[in-house]
Amino acid sequence: MTIAAHTLYLAAPRGFCAGVDRAIDIVDMALQVYGAPIYVRHEIVHNRHVVDALRAKGAIFTDDLADVPRGAVVIFSAHGVSPGVRAEAAARGLKALDATCPLVTKVHLEALRYARDGFTIVLIGHRNHVEVQGTMGEAPDSTVVVETAADVEALTLEDPSRVAYISQTTLSVDDVRAIVEALKRKFPAIREPAKADICYATQNRQDAVKELSRRCKVILVVGAPTSSNANRLVEVAAQHGARAYLIEAAEDIRREWIVGDVGITAGASTPEDVVQACVARVRALGNYRVEEFRLVEERVMFPLPGELLAGAKAKGVAFAAGNERAAARASAEPGVRQPGAARAPRAGSGAGPAQPAAEPAAEFRIRHH
Ligand code: SF4
């Protein structure tokens, strides 16, 4: 019997988060309920494996709503969109389904509230990232974007006593902390979100990779170059002393990297089968035993949009058990259209408002972080 020379630590939690799971389910289910093609504005999540698999099923990805034929179904990605995009979809007569992660929606709602109350909003994030562009669109005249503490030093605001900050959900926890400290020094009265905007999945994956970097000289982060949270995992691992590599697939792993104990983690949009292929590749390159390195349990689930669930129920399309109550509620909701039916079943008399494309903020069920 050969004794394994080194350990391959598999970080947990890793890979898909609840927002990504939900976004992929929405496209999958929409294809079954409404039939192909289904249009998706922007990559549904930043991962080519996911995008290619959905494309093969009949999803068409585009960054421009002008490419979408009138009356077609369009899905907004997990990163969220600005109100301008929603208005454009409505003006083109598109049937819009919203796969925006509820934790991104939370940040949009904060922006709206601060703008309504007359605050200047400092949005911490990467100005070219699609999530930041969507959030910025909620209150463009009241929002400034900062990417670094140096940007904060250069900021001049008309009324420094009425300032609030919000942030992109997938940034480095440590980088944001430094920027927030700079903001608090410069604007002592600054308002901050009641609960941090960096999401649980980003935080948990960064916490796990920090610990892993203490054990391994080499960290492989499986994720797309366009994925913000995967790139942040690489930075965090490097800041904690590991040699960190971003890889999209098993074939990207180079033989010369694999030395001593190795850690593997994955960004929130990376499918588990791609991670497992990377594990197999490392084991093919060296004598490794695999050990899970789990920091925390994640049991988070976001319900699917009520309208889609009602359609799935009407068509007999299966959906995960966790969505059953949301489906029952949606079916009873006045104004929810079901495929093939003039109107949805009604709970009472009167037409009532149309069901929003996504569950309202009050409905988020975060079971456990
Ligand atoms: S990374 Fe966070 S904000 Fe982004 S989809 Fe996942 S849970 Fe939502």
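All positions are counted from 1 along the displayed chain.
Using N, Cα and C of the backbone, Cβ positions are placed for all residues, glycine too.
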Of the candidates His79, His108, the one that TrEMBL places in the dimethylallyl diphosphate site of His46, His129, Ser227, Ser228, Asn229, Ser269: His79
For Thr169 ((2E)-4-hydroxy-3-methylbut-2-enyl diphosphate binding site): intrachain residues, at least 6 apart, with Cβ closer than 8 Å: Cys101, Leu103, Val104, Val107, Glu131, Asp197, Ile198, Cys199, Thr202
Per-residue Cβ crowding (10 Å cut-off), top of binding-site residues Ser227, Ser228, Asn229, Ser269: Ser269
Check: same-chain CB within 8 A of (2E)-4-hydroxy-3-methylbut-2-enyl diphosphate site center, minus His46, His79, His129, Thr169, Ser227, Ser228, Asn229, Ser269: Val45, Glu131, Thr170, Thr226, Ala230, Gly267, Ala268
Filtered recorded positions, from Glu131, Thr169, Cys199, Ser228, Ser269, whose Cβ is under 6 Å from an atom of ligand 1: Thr169, Cys199
Same-chain residues at least 6 apart in sequence whose Cβ lies under 8 Å from His129 ((2E)-4-hydroxy-3-methylbut-2-enyl diphosphate binding site): His79, Gln168, Ser228
Neighbourhood of His46 ((2E)-4-hydroxy-3-methylbut-2-enyl diphosphate binding site) by C-beta distance under 8 A, where only residues 6 or more apart in the same chain count: Gly223, Ala224, Thr226, Ser227, Ser228, Ala230, Gly267, Ser269
